[in-house]
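A.B. asks: Sending over a structure as structure tokens; questions will come in a sec.
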Amino acid sequence: MKRELVKTLPKIELHCHLDGSIRPETLRKIAEQQEILLPVDDAALKELLIAPKDCQSLNDYLERFDLVLTCLQTEEALKTAAIDIISQAAEENIQYIEVRFAPSLHTEKGLSLPQVISAVLSGLEYGQQAFGVKSNALLCGMRHEELKDIEKIVHLAEEFKTNGIVGFDLAGNEIDFPPYTFEETLTLVDHLNIPLTLHAGECGCGKNVADAIHLGAKRIGHGIALKDTPEYFSLLHEKGTLIEMCPTSNFQTKTVTHLEDYPFQTFLDNGINICINTDNRTVSDTTLTDEFMKLHEWYGITYADMEQLNHNAINGAFISDSEKQILHDQLTNSY
Ligand SMILES: [Zn+2]
């Protein structure tokens, strides 16, 4: 596969975090507006934003978000960040993207949760008008937070259902807060009929993936640990669960350290439904084009494989069947 063509072919992305995906130069503008001091040197700024080569764990990786979050505490900043992501998506011909964020991380300077959500949605809407990229957003609860606070986010997902919030997710520390910690919360998600995707099997065990599915997840973020528990493969077949794989991120967080341990081919060979994502464009220093090129280099995937992975993403997207059909047609006509 040729990078230039991979970049121009239509693609779909379902797993992209707002705070981990702002271009360093955009963050600089946001910081300047708020008189937040950043390193003058671009290389030094990047060092603070991009996961280090010797990143030791998921928690180490998550530290790279500290500086960004300091800057993302105003409506203007959140809107600018959302527009920035959509412009990046447009650059590599992403036709549809689901951007996720945790509203509770943006209230340090007094914004209310609905203000945070509205600001991001207005940026996505602006991006759609300006760059022609269709998008929706997912709200994340952070696993370390109080259950009552996470429940508030669930209710907001319900409240903003018709305005561009299409699902709910739990992100953050999976080791200390496995899926059944949130049984009550996720039962509420189910009762409210909010589409659910969960980070699971990113650093914890394969059983977390099965538990997440039992608790209602239609999609799984990462799901890498599933490779060691093939006894759950049939559950994924039965439920048609989609795994949102994020290759670069998984190596950075040391979920896998050797290419031979990366389960992309294992999942394909066992009929597991997967799609490809960036996770965090800036923290992982990647694009969706980069991710497909890596899979080409590592596994020799072809344009036909890439097309199928994008059709899988469409099938798992939290949008209507008619919207899916339009995207399927765009793909079929372009590959
Ligand atoms: Zn993620």
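Glycine too: its Cβ is placed from the backbone N, Cα and C atoms.
The model shown is predicted, which means the values in this text are computed figures rather than measured ones.
What TrEMBL records for this protein is below:
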type     : residues                     : note
ACT_SITE : Glu202                       : active site, proton donor
BINDING  : His15, His17, His199, Asp279 : Zn(2+) binding site
BINDING  : His17, Asp19, Gly172         : substrate binding site
DOMAIN   : 10-332                       : domain 'Adenosine deaminase'
SITE     : His222                       : site 'Important for catalytic activity'
A.B. asks: Let me know the model's mean pLDDT on the domain 'Adenosine deaminase' (10-332).
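C.D. replies: A mean pLDDT of 95 is what the model gives the domain 'Adenosine deaminase' (10-332).
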A.B. asks: Determine, to the nearest whole angstrom, how far the Cα atom of His199 (Zn(2+) binding site) is from the Cα atom of His222 (site 'Important for catalytic activity').
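C.D. replies: That comes out at 6 Å between the alpha carbons.
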A.B. asks: Check the recorded positions Asp19, Gly172, Glu202, His222 for any whose Cβ is under 6 angstroms from an atom of ligand 1, and report them in sequence order.
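C.D. replies: Within range of ligand 1: none.
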A.B. asks: With the Zn(2+) site defined by His15, His17, His199, Asp279, which remaining residues of that chain have Cβ atoms positioned within 8 Å of the Cβ centroid?
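C.D. replies: After dropping the recorded site residues, what remains is Cys16, Gly20, Arg100, Ala171, Gly221, His222, Glu244, Cys246, Ser249, Asn277, Asn280.
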A.B. asks: What count of other C-beta atoms do you get within 10 angstroms of the C-beta of His15 (Zn(2+) binding site), across all chains shown?
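C.D. replies: Its Cβ shell of radius 10 Å holds 28 other Cβ atoms.
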A.B. asks: Can you see whether DSSP assigns His15 (Zn(2+) binding site) to helix, strand or coil?
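C.D. replies: In three-state terms, His15 (Zn(2+) binding site) counts as strand.
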A.B. asks: Once His17, Asp19, Gly172 are set aside, which residues in the chain still have Cβ within 8 Å of the Cβ centroid of the substrate site?
C.D. replies: Leu18, Gly20, Leu62, Phe65, Arg100, Phe101, Ala102, Leu105, Cys140, Met142, Ala171, Asn280
A.B. asks: Given the recorded positions Glu202, His222, Asp279, find the one whose Cα is closest in space to the Cα of Asp19 (substrate binding site).
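C.D. replies: Nearest by Cα distance to Asp19 (substrate binding site): Asp279.
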A.B. asks: Where Asp279 (Zn(2+) binding site) and the residue listed as 'active site, proton donor' are concerned, what is their Cα separation in Å, rounded?
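C.D. replies: Cα-Cα, rounded: 12 Å.
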A.B. asks: Which three-state DSSP class does Gly172 (substrate binding site) fall into?
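C.D. replies: The three-state answer is coil.
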A.B. asks: Measure from the CA atom of His222 (site 'Important for catalytic activity') to the CA atom of Glu202 (active site, proton donor) and give the result in Å, rounded to a whole number.
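C.D. replies: Their Cα atoms are separated by 5 Å.
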